[in-house]
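Per Swiss-Prot, the features are as follows:
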DOMAIN    1-125  domain 'Barwin'
MOD_RES   1  pyrrolidone carboxylic acid
DISULFID  31-63  disulfide bond
DISULFID  52-86  disulfide bond
DISULFID  66-123  disulfide bond
């Protein structure tokens, strides 16, 4: 499943500062109920995102799945793990581990969002 030209905002999950703990008070990710007890290697393998895109599973069914997110303006790509849900109709990418990695020309920061393409991919866990 995939979608193009999807609005991607950013969120300050700060996973490294929160020890990659999905249930930390500063994080309180929706998927913590199911994924907070996963090993650190699993939780820290990919950057984090919230998902509410137009194509793909919702709620618990989306938790732990991976997306290949592409900034079509620059070609920059990254794999991100779904750890949360959102309500913006797209993605809410972690600032540190995902958004800044694909906002290679700084336009996303200037606009407050990126328009991205995403595709569900195998996390290879």
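The backbone N, Cα and C atoms fix where each Cβ goes, and this holds for glycine too.
Annotated features, which come from Swiss-Prot, shown on the structure.
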residue: 1; record: pyrrolidone carboxylic acid; DSSP class: coil
residue: 31; record: disulfide bond; DSSP class: coil
residue: 52; record: disulfide bond; DSSP class: coil
residue: 63; record: disulfide bond; DSSP class: coil
residue: 86; record: disulfide bond; DSSP class: coil
residue: 123; record: disulfide bond; DSSP class: coil
- prompt: Roughly how many Å separate the Cα of the residue listed as 'pyrrolidone carboxylic acid' from that of residue 123 (disulfide bond), to the nearest whole number?
  reply: 14
- prompt: Across all protein chains in the structure, which of the disulfide-bonded residues 31, 63, 66, 86, 123 has the highest Cβ count within 10 Å?
  reply: 31
Field: Rounded Cα-Cα span from residue 31 (disulfide bond) to residue 52 (disulfide bond), Å
entry: 13
Statement: Whole-Å Cα distance, residue 66 (disulfide bond) to residue 31 (disulfide bond), is 13
- request: Could you tell me which of these recorded positions, 1, 52, has the fewest other Cβ atoms within 10 Å of its Cβ?
  value: 1
